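Here is the structure we will look at, set down as structure tokens.
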């Protein structure tokens, strides 16, 4: 029984009468009724006296009341000064009427009745409340009256506590004394609360008594085992109907062989769908009884039961004896299964035939069987071996065997001399099958030589690698799947290679020849054939050498030669050549004529021999190279163009066919040299230098002669050698010195070579005169002469130089030069009319005969003109613009000068006639002077006279206040003084303004103005303890000037003392405790915020209690009367409330030695209490003491007598409840049990390092994982609070809060990554990231959250500023429809700027589980390469499954990123869970290479000290251990033994790998080519279930509509009915109606996800096959005509017709099935859901009956037991919102924990149990691991149903209600048990859930097929074969199936489905005389056992 307490308050206000006029008081009486578990019979009253004259010593009050039960006692008198503001009354009786009287007495009045009232106290609640549950809808409530006090009635409230019954709220009032009430119309399984109240005199009890109870839940529906293997049964059942309320199911199995024979399964979904449970660890082949019950709280329903059997173990190691393989027979061998398994025999068959054989079970370890008389040589057969236990077969063990092919025929060879190759041809035996041919050849003559082998698939082959000149043996074999036929052989010979002539030389009367041969060619000898030109004489010489000399030939004659190689009597191709013999030389050569540059030569012909022409050549003595002239036939030649001055040698020779005589004829001669020309004269006053180009030809020296023209007798001579004439070899230079200035001379020049002189060259040069005059400017310094220059000079003496005149020039083309005679006595020259300011270049010469002397040069500049006007065009506060007129003449610039405010001269230069003077002081007068300047300082500079003017600047804003500081600071106000220098006034000051801002609260700001003459001011109303920024500005008429800033923290003083009546009040008391109440508003924040409170307790309040250091409870224990003491350390209680109730005396201080302790009070003792408030550590103020409060007397012995038994009972109940919950939730995490964080250990007592030796790690893992990972849970719990006490100050700043993705994932201050601040912007250095240690560095990683869209620029800044070269991303951008991370990188290769950082994708590589991308980062001119590692299959809060996937990813990462490349940026969504797991695994994988131990706990501990919640969940913590265990055990890349899928043509040769628990971990290998893989969209939906064994280092990317999916090239995906195929993930947001085109040459299918929009009807696969999709009934009706199927792919349509659980009832996901086009029953059926109560088929009219066969002859009653089996990979479920988010691989697939598989009409796939945190703290708690991972391997269904077809005209009948699933949907309650041995058993081979859909009440249509889909039905008589027709939907009771004529008459199999009965296959089975069974399954054997893997 539980008491719920409440509080009620009644306040009555009374006004006192006018007995004492000077006292008018307003009194109020407040009644506070409080009930506790200890004492509920008391009521407390407070008489409030607001204006009590407490200083009147004579005044008092007397309180009287009846009945006399309460405290104070009746007629108690209390002095007025002792009361304070109120009188406390307590201990009133419950359910009682009280009368109160209050009397007042003072000096003038005695017992004056001031107030009276009658009050009824509230009654106690009822007692002994109980509930009797009668059924699921009825219950009786019973109770007893209260133990004390009166009552008149009772109120009963019934409240629904369950979610479904929360609206149930009924209230009943019971006025009689029956003390019970009946409640009806309750919900079965619901939980309710009963609340009982007592009513007395219209008042309810303030407390109530309550009790919870639960009604019985309804019994669950029927169930099936829809998946099983050798050790596992997966049970699927329907919920109760009506469902009612229940929390979970209890599922049990007998015999109890399972690991857990009793399972508890939680209910999922609302309304609840079918549920499931898995029993593992069963014995293969054994029968088991299974029961299912519903549970709600402690209530349990009646059971539903059935019996099923497990699958036996399969055979092992199917092999073939190669010695027994012939062209028509073979032997197969196999081993018995290992382990315990029950089976009777073996079944052996060949997949392509219908022949099956059985082999009895024996004790031999190896069994065998011989297949004979197979007339198909070379063909490959798939042999299937199974164990059979009863009617159940095991999974198949298969092997491929190929028969030996027949030998080839007609083998021939042909040599091709043109290409030097050999072609061989042959014929294949038409009776044999082969896929290639093997060619083997070797050389016969070579011992131990190499044998070459080639293969081809054609019957013709060209051999190009045979060596020339060899004899070979060659054989050909036919090969089929590496099985060879017998050999067929021949011999072949090759021709030798042609020799190549290396050297052929002419000799006297003969030829010398040599050659070389191919090193690979063999030859026996060589033959040389030669003949003379023009004759038929052919001669032959043979030799074994590679050279030959031929003699006695005709001189000058030509010969043709051929060389052959000979081998095995075969000649090679010849090598031919033509060569002539040396001719005889000419005779009698002479020189006939020598001219200036030519020579005529003559000679005589030779005496004998042949020749064709004469060759002529010549050269000089200094040259080696001959110059050859054209050949001639005459006996003379004219040689021209010879070089002058050279000596030549000339040769003449005879020539025959290009071969010259070895002895030529020669002669020598010399040519005269050339004279000089083009002489250049270089003349000065004393020298003449002559320079001419070197003449053509040879010159040895030059001869020069010269003399004065007027004196020929003075001749001088000079001889100049050619080698000394000049440095330049192309010219000749000669200097003639010591000549007279101004004189003319004559020169003669000749050349000489080999003693021969050339002609004479003459010339007449003159020397330059001298000038020795001194020239000056006479007026150069006169400023007023601005247009005239006068020159003055001295004469040059005639004795030193001959000249005629003087010449003067100013260098101006407009001014003519002036000349004066040499003997002129006037020595001045004047130039007038010049330009002012211009610079003139003055030049003076002497001239003799037109030759001028060197010049004398001077410079002079005239003064410029000054300006005449100066005025200002614009004036501002700091600038004046000036303008003036332009002067005449030339000038360079203007010089503007003025005095600054500091009296410094400032000068400005400008070339324009205007200027703007800046940086002036406002409100100042300035004088400006302008001077015109011509020239520069580096040349001649002239300045004009100046012109001045004065101007004044405008006003401006004032300057910065110079001095600004406080003179007095108080908690809430501050006094300032300031000053502004006059130089900074910048005008007339109008005012000063002070603005202030609280830096911690920007809204706390203001501004105050002061007069211009004020220099002091005060700012008020500030907040104590806050820091303010004060800014002062001066103001002129223009505006405010710049700010001067001062920062001040306001002081904090003790709080103001509150009023005397403000004291703590009593709330409750006991014998050792007092509970007081005080409020936040007791103290004002005027002197600073009150930060802490403490309690002062005084028994003797007269003692001093105002000191800072107060005695503690321990200090006063030695006093009989306790001194005032402090009860607790200061604390702050007003975080979320304004009232605090504090209990004094609650602690046990026996072990408390130091500090304050809230020890117990003394019983029956009066205390006073006051509250102390602190604004600082030493700043405090106390309230006045409270009214006296007396503790109760001690009743401890009574309490102990009651409490101890109750405590023992409570402990037992808690223990029992804990044991029960742990049993029910054996795999639950301890999340709920950890709700109280106070149970966690502090960091100081946690052992931070826990190293484990690597050699002991496997045993350590076994111990930790025992008992449902209990020790892992304990160890992980110790990490819960590690590091959580560290500050996150910066992350919580207002400017940084929007940058955090989650409000409780904040970076610690000490380890956060700090960005470079931007422009002093607050928070610009913040990003949610921390440094985390790695194996190689304490700052190896930067862990951050997934970037938000608003923080991705900061993210790239962090990558750049940290110089990181790698990013590891462990999340997808969207998961379950929620954003986990912004896509912070470009979509394509186009560069994108993120802030000032440009990011461009260089390349990317796609793998099955991750993507690696290279980015180019650019910032300014700097570039970097960064790698991005994106793991794409990690579920949020989950772990990759298998864990080896994560190990391979870490390995791939570390292979590319070295230890020195750090830091590494790592992020997931929050940056804690997955990121921590990755880093831990990276560290331990490196640690095990260098150490003999690992410390996973220590690594996680260290990371949590740097960033919050690293490795967030226990599941992730365990995953790290699992990864390491896999690495240490060598299972990093090994994922378990191979298993095989269903034996079916669509599964030929396919295998799947399972782990030791039977979980799927690898792919199904099938007939799938690499080309098929490239076209498949093979990305797995969930990495925990994806059956893909991939090669991490071989990426393959296939594209679909612009979106990439990934598939490893070495992977064969599961084939759903064909040889290939695979999963496909619709990968784009807008692909809700898209179809992934998936090609397969073995009839694989395409996977489609479509919603209910009309656009998704029928789609085409890549071969044109139809793809039917999930669609509504309306769409199904609109799509009766399907498009043509060109590729043979047949895929199912699923539609809904408002059935029990149709698409309208689904809420989380949709179903997609994979199907096959042939070879199983399901391929002739489609899936259409029907109404369970509708008697018509889906496509037939309602009148057609309920599920009949469509053919005649099926009248006889029959029973069919149907099994369905399908593999995990055959069914894939995607969420309905999958079209909006791509790549949600972790959302759904079967093996998630809470939801395994959802079938459209009864099984719903729930969420995978993972939390998806987004903006809420509770989402980030540990993952709830209630989910049970039931299975990872294949799914199958075994349903035994029995059917009795009633006789009717339609050939079919109703289906009996014994069908298990039908019963659960509304049929009878009869269980579906194992069939009888005599029953006909039909095994349906299915690879999707379509067959299961049929069992749930669906009807079936004939699957569309092509002409190749043939099903053969066999009877005892004749049989016929009917092809499945395209679109053969038949109206009628069922659907048109296969209609055949049976053996002997009238057996047929109808395609109908029993609709109302929920039938599966309308097998009309009939017989006639001799008629037998018709097998509906093309794979069924003679015993009715289908090859289904069951």
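Including glycine, each Cβ sits where the backbone N, Cα and C put it.
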Check the candidates 533, 1642, 1734, 1777 against Swiss-Prot and report the one noted as N-linked glycosylation site. 533
Which of the listed residues, 1195, 1238, 1637, 1690, has Swiss-Prot annotated as N-linked glycosylation site? 1195
Record-annotated N-linked glycosylation site (source Swiss-Prot) among candidates 169, 1731: 169
For the glycosylation sites listed here (169, 229, 908), which one has the lowest count of neighbouring CB atoms within 10 Å of its own CB? 169
If you measure residue 106 (N-linked glycosylation site) to residue 128 (N-linked glycosylation site) at Cα, how many Å is it? 53
Distance [Cα-Cα, Å, rounded] between residue 512 (N-linked glycosylation site) and residue 128 (N-linked glycosylation site): 139
Can you figure out which of 169, 533, 588, 874, 908 (the glycosylation sites) comes closest in space to residue 925 (N-linked glycosylation site), comparing Cα atoms? 874
For residue 588 (N-linked glycosylation site), the closest of the glycosylation sites by C-alpha position, picking from 128, 169, 317, 533, is 533
Would you mind splitting the domain 'Fibronectin type-III 8' (866-956) into helix, strand and coil residue counts from DSSP? 0 helix, 46 strand, 45 coil
By DSSP, how many residues in the domain 'Fibronectin type-III 7' (775-865) are helix, how many strand, and how many coil? 0 helix, 39 strand, 52 coil
Under a three-state DSSP reduction, the secondary structure at residue 106 (N-linked glycosylation site) is coil
Relative to the Cα of residue 533 (N-linked glycosylation site), which of the glycosylation sites 169, 229, 317, 908 has the closest Cα? 317
Measure from the Cβ of residue 75 (N-linked glycosylation site) and count the other Cβ atoms within 10 Å, all protein chains considered. 12
For residue 874 (N-linked glycosylation site), the spatially nearest of the glycosylation sites 75, 169, 229, 908, using Cα atoms, is 908
CB contacts for residue 317 (N-linked glycosylation site) [other CB atoms within 10 A, all chains]: 12
Using only C-alpha positions, which one of 75, 128, 229, 317 is spatially nearest residue 169 (N-linked glycosylation site)? These are the glycosylation sites in the record. 128
Which whole number is the mean pLDDT over the domain 'Fibronectin type-III 8' (866-956)? 92
Take the C-alpha atoms of residue 317 (N-linked glycosylation site) and residue 229 (N-linked glycosylation site) and report the distance between them in angstrom, rounded. 20
Fill in the CA-CA distance, residue 908 (N-linked glycosylation site) to residue 229 (N-linked glycosylation site), as an integer in Å. 102
Residue among the glycosylation sites 106, 588, 874, 925 whose Cβ has the most other Cβ atoms within 10 Å: 106
